[in-house]
Amino acid sequence: MLDPNLLRTEPDAVAEKLARRGFKLDVDKLRALEERRKVLQVQTENLQAERNSRSKSIGQAKARGEDIEPLRLEVNKLGEQLDAAKSELETLLAEIRDIALAIPNIPHDDVPVGRDENDNVEVSRWGTPRQFDFEVRDHVTLGEMHGGLDFAAAVKLTGSRFVVMKGQLARLHRALAQFMLDLHTEQHGYSENYVPYLVNQDTLYGTGQLPKFAGDLFHTRPLEEEADSSNYALIPTAEVPLTNLVRDEIIDEDDLPIKMTAHTPCFRSEAGSYGRDTRGLIRMHQFDKVEMVQIVRPEDSMVALEEMTGHAEKVLQLLGLPYRKVALCTGDMGFSACKTYDLEVWVPAQNTYREISSCSNVWDFQARRMQARCRSKSDKKTRLVHTLNGSGLAVGRTLVALMENYQQADGRIEIPEILRPYMRGLEYIG
């Protein structure tokens with residue numbers, strides 16, 4: 001959520017910056033609502049003061065033995081007017097809040113301006129895509145060759161965009177997640193967390209999934225109950241529970257940064273992606289991801305973004321997977337982000353780079369929703385923290401890249417040396 005004071009005092013400047021990301025802010029409506037809020041605020045305060053004064057007069061008149069009925073009727077009328085004004089003010093404030101919750105974050109000044117993914121800017125590349133001297137198989141074909149990816153079984157169990165992994169490929173999938181966690185906790189300074197996969201509405205509001213993206217979530221409720229705000233939703237990313245661990249907290253600045261990681265399944269309805277990536281593991285309703293979250297002082301967040309992106313890059317480098325780093329343009333960034341880097345790994349069967357990590361500085365956008373603050377030891381003043389999140393990495397897509405980049409002419413899949421301790425020394429699958 002943006003700073004309400006900024007929306008009140010500089011709506012035109014905010015609108016100009018939001019326009020860079022293709023969002024049209026209705027400044028006239030905001031101004032009209034703000035003017036009405038001011039009127040109702042003054043009216044409510046005046047009515048409250050008048051009723052208090054008249055109520056005091058009743059006691060004084062009663063002490064003098066005077067007829068208090070006219071004063072009592074007047075106080076009752078003032079009370080009715082006050083209740084009506086309060087009700088209108090509450091309705092108006094709710095409308096303003098709903099508008100504010102639907103406004104995306106302001107892009108950082110150094111984010112490239114653009115409409116969509118075609119306007120993203122490549123920052124760097126690492127590694128050289130392998131030149132194969134045989135016909136490249138995609139990960140689905142390889143998975144079926146080794147009996148490790150069973151999409152038909154998943155359709156029987158659940159439906160499309162799910163998979164059953166078996167045998168050595170299931171083990172490799174687990175090994176990747178363990179390797180990522182070990183790297184982030186032992187070398188990058190993150191603390192490992194195990195978090196709920198179901199979260200409540202407040203948690204989803206805190207990180208920005210609600211109210212705007214309710215349709216992207218899988219919601220749960222007991223069959224005998226009606227859907228309501230007490231129902232849970234499956235997490236779309238571990239960013240949601242990890243970041244909300246600091247909701248309504250005041251953290252000593254000396255305790256920052258807080259760096260957390262977790263390996264979880266992620267659940268997404270993939271609304272709006274019908275027909276895209278229907279084959280294989282690229283776009284699933286359920287997929288595993290190792291997530292990184294940092295809670296930092298405001299002045300440290302831009303440096304933290306570079307650091308976090310480097311942590312995700314390190315995973316790819318140690319696995320020997322070619323990738324490129326891309327700065328997302330204003331029109332392609334996520335709702336809550338003020339600056340984002342995507343890492344795209346080389347997928348040989350598609351002859352292109354595909355997203356495998358997204359690392360974002362969210363500034364104070366989520367912190368304001370969560371009321372997550374830090375306190376300076378010197379002056380004891382509090383201020384909102386900055387939050388960052390990044391994939392470190394998407395495990396299924398890493399498996400795809402590894403299978404395709406390390407495939408052999410006979411269909412075997414070489415295990416990168418760094419993963420072999422997690423695979424009991426296994427060098428090849430197949």
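Here the Cβ of each residue, glycine as well, is placed from N, Cα and C on the backbone.
Feature annotations, courtesy of Swiss-Prot:
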| type | residues | note |
| --- | --- | --- |
| BINDING | THR237, ALA238, GLU239, GLU291, SER391 | L-serine binding site |
| BINDING | ARG268, SER269, GLU270, GLU355, ILE356, SER357, SER358 | ATP binding site |
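Ranking the binding-site residues THR237, SER269, SER357 by how many Cβ atoms sit within 10 Å of each one's Cβ puts SER357 at the top. Applying an 8 A CB threshold to same-chain residues 6+ apart, the list for ILE356 (ATP binding site) reads LEU316, TYR323, LEU343, GLU344, VAL345, SER391, LEU393, ALA394, ARG397, THR398, ALA401. Taking a C-beta cut-off of under 8 angstroms and a sequence separation of 6 or more, GLU355 (ATP binding site) has the following same-chain neighbours: ASP342, LEU343, GLU344, ARG397. DSSP assigns ARG268 (ATP binding site) to coil, not to a helix or a strand. Closest to SER357 (ATP binding site) by Cα-Cα distance, out of the binding-site residues THR237, ALA238, GLU239, GLU291, is GLU291. In the three-state DSSP scheme, THR237 (L-serine binding site) falls into the coil class. Contacts of ALA238 (L-serine binding site) defined by a Cβ separation under 8 A and a same-chain sequence distance of 6+ are given as VAL195, ALA262, HIS263, THR264, CYS266, LYS289, GLU291, VAL293, in order along the sequence. Highlighted in sequence order, VAL240, LEU242, ALA262, THR264, CYS266, LYS289, VAL290, MET292, VAL293, ASN389, GLY390 have their Cβ within 8 Å of the centre of the Cβ atoms of THR237, ALA238, GLU239, GLU291, SER391, the residues recorded for L-serine, and are not part of that set. Across the residues annotated as binding ATP (ARG268, SER269, GLU270, GLU355, ILE356, SER357, SER358), the widest Cα-Cα separation comes to 19 Å. The L-serine-binding residues named in the record, THR237, ALA238, GLU239, GLU291, SER391, extend over a maximum Cα to Cα distance of 9 Å. Looking at GLU270 (ATP binding site) and THR237 (L-serine binding site), their Cα atoms lie 13 Å from each other.
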